[in-house]
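Annotated features in Swiss-Prot:
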type	residues	note
BINDING	17, 171, 172, 173, 237, 238, 246, 252, 253, 269, 273	ATP binding site
BINDING	19	Mg(2+) binding site
BINDING	45	K(+) binding site
BINDING	58, 106, 246, 277	L-methionine binding site
REGION	106-116	region 'Flexible loop'
């Protein structure tokens, strides 16, 4: 039986978190290759530590000369990312960081299983399971804890970059414990915020005085009470941050990237992967389907699972769970979803317009719950499939 009164906690990390620095770099490199060739194959991993960034993985372009040319663009892409994030500290600076590029051409054996032949649809780039989720807790149909944890850090990054609060550093984390009553989020029982600061003399109380107005401004009215616990920089000073403080890797913040633990995760990371990789494209499609089910009024809460096999085009299974909030049986929704959208890798990419350089912007503050953009960014957040789903039932 579902619980109605409880606390649920989610965390977010800022664009300057070491792992997010790596996600950003990997997706920026992906975008560069997609700008040259929409069908480019990219699997880019990044490692960052004190004074060093290492890039590795596989890339493929149809033009070998262009491939060599774009390999040479990795260094300025990395430096541009680090500069935009805001790192200019002694041991991690966009001008002086040492960059090692170990990218190489994609395996022909992988390519032959994925590429479309004359008599065969393009297959999935790997086996795997992917989940999508939506819930009518926020206008974006996202779980409230992760939505507001992201919002706080986005706001702090905004005021840092504008110069309004230049004393803040790029590295930060947030965590919210949200109180639910009758299944509805109504307040925050605790707030955890750790943020890098550039002035060594600042105390935890000083930092709280800086960030508290912005935190209050991002949360709904009435959510913070006298009983809300505040933990701002609870360990004291936080001056050394980013990859100089802790090493970073691409793909280590998969729960931050998705639903904050409110839904299952198939295990595959997103950043640095071109959309032939179903780890990414099918997870985006799953979110798209779940969001449209909720937007159609068919459920208050919806989880979708898709599964794939490498070299096989069609999904092996489509699963829907409306968590006892559905207006129709889940099996009927599953059948309808298979009718209204081509869920092969190419079908997903075509429907959502994914062969575009739209991924660097996804690397921080969540891949979901964002506004669809005019150039095709966050197309999986549209609710333009809702009527078709209802018509197919």
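Residue 1 is the first one shown; counting continues down the chain.
Glycine is treated like the rest: Cβ placed from N, Cα and C.
These numbers come from a predicted model, not from an experiment.
Taking the binding-site residues 19, 45, 58 in turn, the residue surrounded by the fewest other Cβ atoms inside 10 Å of its Cβ turns out to be 58. Within the same chain, residues at least six positions away from residue 273 (ATP binding site) with a Cβ under 8 Å of its Cβ are 30, 42, 43, 44, 279, 280. The shortest Cα-Cα distance between residue 246 (ATP binding site) and any of the binding-site residues 19, 45, 58, 106, 277 is the one to 19. When the C-alpha distances from residue 237 (ATP binding site) to the binding-site residues 19, 45, 58, 106, 277 are tabulated, the minimum falls on 19. Separating the Cα atoms of residue 45 (K(+) binding site) and residue 253 (ATP binding site) is a whole-number distance of 14 Å. Neighbour counts of Cβ atoms within 10 Å were taken for the binding-site residues 17, 253; the minimum is at 253.
In this structure the alpha carbons, written CA, of residue 277 (L-methionine binding site) and residue 19 (Mg(2+) binding site) are 21 Å apart. Separation of the C-alpha atoms of residue 19 (Mg(2+) binding site) and residue 106 (L-methionine binding site): 24 Å, rounded to the nearest whole number. DSSP assigns residue 19 (Mg(2+) binding site) to a helix in the three-state reduction. Look at residue 253 (ATP binding site): DSSP puts it in coil. The record assigns 58, 106, 246, 277 to the L-methionine site; their largest pairwise CA distance measures 30 Å. Mean pLDDT across the region 'Flexible loop' (106-116) comes to 55 in this model. In this structure the C-alpha atoms belonging to residue 172 (ATP binding site) and residue 106 (L-methionine binding site) are separated by 35 Å.
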